[in-house]
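Database features, via Swiss-Prot:
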| type | residues | note |
| --- | --- | --- |
| BINDING | ARG189, GLY190, GLY191, LYS192, THR311, ASN335, SER523, ARG586 | CoA binding site |
| BINDING | GLY387, GLU388, PRO389, ASP411, THR412, TRP413, TRP414, GLN415, THR416, ASP500, ARG515, ARG526 | ATP binding site |
| BINDING | VAL537, HIS539, VAL542 | Mg(2+) binding site |
| MOD_RES | LYS611 | N6-acetyllysine |
Amino acid sequence: MSEKLYPVLPEAKKNTLIDNETYLEWYEESVSDPDGFWAKHGRRIDWFKPFTKVKNTDFNGDVTIKWYEDGVTNVSYNCIDRHLKSRGDKVAIIWEGDNPYIDKKITYRELYENVCRMANVLKKHGVKKGDRVTIYLPMIPEAAYAMLACARIGAVHSVVFAGFSPEALAGRIVDCESTFVITADEGVRGGKPVALKENTDTAIDIAAKQYVMVNKVLVVRRTGGKVSWGRGRDLWYHQEVASVEPHCEPEPMNAEDPLFILYTSGSTGKPKGVLHTTGGYLVYASMTHQYVFDYHDGEIYWCTADVGWVTGHSYIVYGPLANGATTLMFEGVPNFPDQGRFWEVVDKHHVNIFYTAPTALRALMGAGDEFVTRSSRSTLRLLGSVGEPINPEAWEWYYNVVGDQKCPIVDTWWQTENGGILITPLPGATDLKPGSATRPFFGVKPVLVDNEGNVQEGVADGNLCISDSWPGQMRTVYGDHKRFIETYFSTYKGMYFSGDGCRRDEDGYYWITGRVDDVLNISGHRLGTAEIESALVSHHSVSEAAVVGYPHPIKGQGIYCYVTLMTGADAQDPDELRKELVQHVRKEIGPIATPDKIQFAPGLPKTRSGKIMRRILRKIAEDEFGALGDTSTLADRGVVDDLIENRQNKK
């Protein structure tokens, strides 16, 4: 544990929206009188019909979560229309292309027109309130237009990260029975094209075999690359928007109407469709964006995430735009044209607030300080971290080298399921400890529970649960409420279980220690081990597979695969087969799931009842096999000896 304490910077304290006294006062009110607190803050968004009920939640039995349930509003209206009078000519989105010489500024008035046109295109082609629309786009302004257009007409968007494979895209189309897809001819990433339309065509064919028929595909021309065309199905975005009106009335939405589905990995193979609704989600995204980043009107805010992840939903699109902010959207990667790109963008667009992932920071730290110090970064006021715990070394580098010791760091903990940040410092209120997410946001009640379900008080280690609801919380797993209850509420009764381990120190600060279930955190993105295992087993040479994480210097966790082969398959050249399996997993899931280590083994360590002992596999992958713990239930000890002998991570 880091013993260093960084007191609130005088500059941060001077202009802050929330000082420590206010934090303590508000927090106390938020947990002792949630109805009163959230009624007050629920009015930060505009309502067509004001709510009279605030909180109606129960973590027991059938688990119901409702906030502002009789209120009527529209997310797109709150992110655009309500700003037009006072800040119509203010820049809403700064788009920075993959190519450093290409950028675009979109004002709130232009955003209104673009979103209304896209909304009218959706309506023209039969998309109605409640229909699911799949968005498979690169980081271009049209991705934000598409999300806001869906919200405007009451369609439910499902954004799929443009790095996912056709198979992964198809699975997400099928699960929510989406019949309308928005994509691009190609994406551009690090100077290289990404075949999005081709992937979409393949995904649609796969979905059709599972009886889900996509009727229309709206294609944004990004590169002008050659694409195949489905007559009567495929539509060019630029032609369609030219043929419709630039005005579209926002659909009145009940606070509990669905806003979006976003798929996230679980500990079982099939990704879960996390469902977020309208009112509570927007209140929470908007409020956390304002107070965590201490956002002041006129500042330039940049979150480097992709809209394919929840961070992009809440902190590139919905939170900032609900607050009338200027949000920067970056198409590129941190190391193209070179490792100084982030800091060049900061200087070019005078960025004040910068929010990124520890994986990117560790990679940039390894490239050397000169890429940072050659830029001025004089406009930076606040730094943020998201996606995984940040190790103290990377934190110190971020603070000292990137921030020149003048920018507080908000190390934020939250998940797709949470809708917004749950544990975080507030820049003008919280003394910082490198590596700690520090204290809960308003209304959030963290609890540490041991494996037997006993609540731990004071200084403790345990499983991180939240004992009461907050407005941004997911409502269900799309189409599978039973799975929602089983995943999050069955392990510890009456509490939401995050799946993360956590430590609380003597100051009441929280330190996230990583996943405690079979989910990996690769470069800040979640992947279920079961998902990777089923991809491996679908290869004709593989009989069985077990996947675990191990510490990785850049990605946080690496992917270590133990594979047993079909009879006869071991005659192949092992290096060639390894390459083949890596390609196979990339094809099934996407590059994000690329295995780092593959170890071929005659067998896996199992109990006499046939259960794989993953604890042992983790220890071997970490090269820590001296402490394997109790192995008395092992069916065959010889299997473990072979695994140790042939481990891929020998130090």
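Here the Cβ of each residue, glycine as well, is placed from N, Cα and C on the backbone.
Distribution of Swiss-Prot features across the structure.
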residue : record              : Cβ neighbours (10 Å)
ARG189  : CoA binding site    : 17
GLY190  : CoA binding site    : 13
GLY191  : CoA binding site    : 11
THR311  : CoA binding site    : 26
ASN335  : CoA binding site    : 16
PRO389  : ATP binding site    : 22
THR416  : ATP binding site    : 19
ARG515  : ATP binding site    : 19
VAL537  : Mg(2+) binding site : 13
LYS611  : N6-acetyllysine     : 11
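When Cβ neighbours within 10 Å are tallied across all protein chains shown, the highest count among the binding-site residues LYS192, HIS539, ARG586 belongs to HIS539.
The separation of THR416 (ATP binding site) from THR311 (CoA binding site), Cα to Cα, is 8 Å.
Taking each Cβ in turn and tallying the other Cβ atoms within 10 Å, the top scorer among the binding-site residues THR412, SER523 is THR412. Of the recorded residues, PRO389 (ATP binding site) and LYS611 (N6-acetyllysine) place their C-alpha atoms 30 Å from one another. Cα-Cα distance from VAL537 (Mg(2+) binding site) to ARG586 (CoA binding site): 14 Å (rounded to the nearest whole number). In this structure the alpha carbons, written CA, of VAL542 (Mg(2+) binding site) and ARG586 (CoA binding site) are 16 Å apart. Packing around GLY387 (ATP binding site) is summarised by its Cβ count: 23 other Cβ atoms lie within 10 angstroms of its Cβ, all protein chains included.
Cα to Cα, ARG515 (ATP binding site) and SER523 (CoA binding site) are separated by 13 Å.
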